[in-house]
Structures are given as structure tokens and as C-alpha cells.
Amino acid sequence: MAITDILSAKDIESALSSCQADDSFNYKSFFSMVGLSSKTPDQIKLVFGILDQDKSGFIEEEELQLFLKNFSSSARALTSAETKAFLAAGDTDGDGKIGVEEFQSLVKA
């Protein structure tokens, strides 16, 4: 399954263009712009499955750093500061990674 099966390519392009500069990524505005915030829990779970590159059931820091590349291969990697802030916002149980329930909460925050 491709991410464009769930989210519009036009929305993805618009969201990615809003955070091209280093340290300009804001997960709340990105989720809203890409249309993820308005999706059902099952659709969010499908997106989580795409983002969970190693299929471990979690999005780890390395996967978060490459978060934008899941939407477009030409997108930039997140900076270390962006990655750490994103992880801190999503990792509510403190295990150093984001599970599917944590991701769903983060998207709907």
C-alpha cells in the first residue's frame, strides 16, 4: 500500500513544501496539512504501518528522522532537534519509540 492510497498527493506536496527548511517541521501543522488529522483510526493505523519501516510495531528515532521521506523520496531528513522533539511529543510511555496508539494520539492532538 502506498501512502497516496490514503492521503492526497496534492496535500502531501503542499505539506512537504511548508517544511523544506531545516528546523521548520511542526508535526501538528504537517498532520493537518497532509489531511491525516481528519482520517479514521484505521486509516491512521495504515499510515503508521507505512512509517514503521522495519515492521517492529514501533516508530523508532531512526525512522522518525526519515519521516518526511515516507511521503516523498526527495524530501529532506528531519534535523536531530526536530527528530528529538517529535519523539518526545509522541512517546508518552517513555520507552524511546512511538507505538501505534501513541501515533494515533499524536495525530489527533
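Note that Cβ sites are derived from N, Cα and C of the backbone, with glycine treated the same way.
Pulled from TrEMBL, these are the features on record:
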DOMAIN    39-74  domain 'EF-hand'
BINDING   Asp52, Asp54, Ser56, Phe58, Glu63  Ca(2+) 1 binding site
DOMAIN    78-109  domain 'EF-hand'
BINDING   Asp91, Asp93, Asp95, Lys97, Glu102  Ca(2+) 2 binding site
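Summed and averaged per residue, pLDDT over the domain 'EF-hand' (39-74) gives 96. Counting residues 6+ beyond its ends, the domain 'EF-hand' (78-109) has Cβ neighbours under 8 Å at 22-23, 25, 27-28, 31, 36-37, 39, 41, 44-45, 48, 51, 57-61, 64-68 in the same chain.
When the Cα atoms are compared, Lys97 (Ca(2+) 2 binding site) and Asp54 (Ca(2+) 1 binding site) turn out to be 13 Å apart. Long-range contacts of the domain 'EF-hand' (39-74) within the same chain, counting only residues at least 6 positions beyond its ends with a Cβ under 8 Å from a Cβ of the stretch, are 1-3, 6-7, 12-13, 15-16, 19, 25, 80, 83-84, 86-87, 90, 96-100, 103-104, 107-108. Other residues of the chain with a Cβ within 8 Å of the Cβ centroid of Asp91, Asp93, Asp95, Lys97, Glu102, the Ca(2+) 2 site, are Phe58, Gly90, Thr92, Gly94, Gly96, Ile98, Gly99. Taking each of the binding-site residues Asp54, Glu102 in turn and counting other Cβ atoms within 10 Å of its Cβ gives the largest count for Glu102. For Asp93 (Ca(2+) 2 binding site) paired with Ser56 (Ca(2+) 1 binding site), the C-alpha to C-alpha distance reads 17 Å. Residues near Ser56 (Ca(2+) 1 binding site) in space but far in sequence (CB under 8 A, at least 6 apart, same chain): none are found. Listed in chain order, the residues near the Ca(2+) 1 site other than Asp52, Asp54, Ser56, Phe58, Glu63 are Leu51, Gln53, Lys55, Gly57, Ile59, Glu60, Lys97, each with its Cβ within 8 Å of the site Cβ centroid.
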